[in-house]
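Presented below is the structure to which this report refers.
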């Protein structure tokens, strides 16, 4: 199968993005009204997500990890080292078109998402490290994301000068505003931070369901044709490789098991709403087309694979508990038998002692 068939109508547009008459033959995959509504809804989702993320940040904990930065530094290297490289290798391995490769790279270069905190909690990771890692990776994205895109886009000569780095940086700066609002709420009104996070997550899930419904209505007929087997394979492999490599990478630096599980979840879970918002706002529709749906497929994959890993971890824990229970019962039985044996020995010793004392007594009487 020809890999350029992923989105071939958009590949020429990508190469000629500065040509003024490209829109004359461009047909949007989604109705413009529905597309605008989807953009607004994704913007609302990212605002709620970033405010909720800010409400989980504690300046004191961030300072503690900055003073002892080993775990945080390893986590940041895993986030911005493993995922972009994984995305680039998968794009080259599956020989995707340039525009498709850039979209996958944008997803790979995004910071960790707020879903990673829930996953770290479910897998019994270090929640302090998880929250601090998500917070710091979001701030670092302001510089790291454009830098990594610039470096890896050198592998796509036809598009390296067309990537809107300025718009991407502007989008990242704008997302820091709601995050700062969340930090202010957490610092000065901590009693409202948990309530806002819970209510915000409920509202975000409702809007997310509505957004996915609109996507299904507006572009459901092209999702299957747009998502080639190569893209579906990448959407499935990227998070799984992130989880595995994140755990291995943190194991090399001898982090404790809780921190390893945390780094694993933080590495594989990307900020999908941020990625989708960047693709919708920073890139022209005639260039990206329906490719902005790729992060949504990635989101489904990362959640399913994380749930599978968590389930395996829980099964392993239950198995270890049973093994520990059996070994404890064996130890208790051993102690019990040892106690009985010692009691028998004590009785024999007492009997022999009494006999010896009685023999001495009767020998004195005879004398």
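Each Cβ is built from the backbone N, Cα and C atoms, and glycine gets one as well.
TrEMBL lists transmembrane segment at one of the ranges 2-24, 71-93, namely 71-93. For the transmembrane segment (71-93), the list of distant contacts is 65, 100-101, 104-105, 107-109, 111-112, 126, 129, 132-133, 136-137, 140, 144, 148, 152, 155, 234, 237-238, 241-242, 245-246, 249-250, 253, 255, 259, 262-263, 266-268, 270: same-chain residues at least six beyond its ends, Cβ to Cβ under 8 Å. For the transmembrane segment (168-188), the neighbouring stretch richest in Cβ pairs under 8 Å, chosen from 33-59, 99-122, 129-152, 230-256, 296-316, is 33-59.
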